[in-house]
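Worksheet: the structure to be examined is printed underneath.
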Amino acid sequence: MSKGRVNQKRYKYPLPIHPVDDLPELILHNPLSWLYWAYRYYKSTNALNDKVHVDFIGDTTLHITVQDDKQMLYLWNNGFFGTGQFSRSEPTWKARTEARLGLNDTPLHNRGGTKSNTETEMTLEKVTQQRRLQRLEFKKERAKLERELLELRKKGGHIDEENILLEKQRESLRKFKLKQTEDVGIVAQQQDISESNLRDEDNNLLDENGDLLPLESLELMPVEAMFLTFALPVLDISPACLAGKLFQFDAKYKDIHSFVRSYVIYHHYRSHGWCVRSGIKFGCDYLLYKRGPPFQHAEFCVMGLDHDVSKDYTWYSSIARVVGGAKKTFVLCYVERLISEQEAIALWKSNNFTKLFNSFQVGEVLYKRWVPGRNRD
């Protein structure tokens, strides 16, 4: 089965709550079929049998974590919620470490002869790491050739000599890049061989029976946790309990303002079908994916602001340069509060989150960096 089909099957649902899709076939001209269909519809439910358990770790900085392996994968596979603490995003540390230490006896290939999903992910992570190293090597090689050209110019070289040297350098860089591409697979195989050797510190990862300790957990952003308990009844805590963990009961509006604004933005894009992930990697609040990280790169970087806040040009230009360098679109998301601060904090303390979040209005502006050489019209 191809990678695309595997992902389509694995990430079938965009949210942890699934639609009711086990209803019987409806025969239009048969009244009994209508009655049976209505009965099954009335009895069906899409509520989770066992809600996801979360733990709160830390005093000064609160970490909201999910410890159970199955629940971690469930949240990731159904909406890409959370981040593995020892992984890039999906919590794959356990599978990667078991494979490296030879603890997993499950065959890595399925009946079709293709690689399993776990092995594919491990290979991709290794390839990504290797490509980062190769990019550094390529930059060093390019800088070396640029120094040669600079030396020629300092010596007063003729223009024809420069052209000949430039052509040689371009050809040298092409061959260097081609060699790097061929070396990716070889290096990955060498890593597989070298990683099979146990290190001294690996003994600390195993319990008395030789099984891998469950060290990795899935960490949720506060806004993700609120969404999974307020918008969707997925977590085993209530919105009021979560709010009490995040802020003290006597909190002022200025204490909760940043969180409320961030959640309003998060809920806004989730409700429009976007997969929302943390954007700290690109200096913004959120990244927006059409489906999720396994399918394509994020298209938009979102920065949340109050509707009456204006930054200087340097602030906008700095973020736009980072976002533009990653080939993404920069979105300024302005949030306006429609009620007073006193009313907002009163709604928060009374746990009336529905009315509180509905009292904010969201507006968006696409920011595009103006380049004189490209924007002449």
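Just so it is clear, glycine is given a Cβ too, placed from its N, Cα and C backbone atoms.
Quantities reported herein were computed from a predicted structural model and do not represent experimental measurements.
According to Swiss-Prot, the features are:
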ACT_SITE  Tyr289  active site
ACT_SITE  His297  active site
ACT_SITE  Lys328  active site
COILED    119-174  coiled coil
**Request:** Counting Cβ neighbours within 10 Å across all chains shown, tell me which of the active-site residues His297, Lys328 comes out on top.
**Result:** Lys328
**Asked** Near Tyr289 (active site), which residues of its own chain have a C-beta under 8 A away, given they sit six or more steps off in sequence?
**Response** Phe80, Trp274, Cys275, Val276, Arg277, Phe295, Gln296, His297, Ala298, Glu299
**Request:** For the coiled coil (119-174), would you mind checking the mean pLDDT of the predicted model?
**Result:** 74
**Three-state secondary structure, which DSSP defines for His297 (active site)** = coil
**Fill in**
Per DSSP (three-state), Tyr289 (active site) is strand
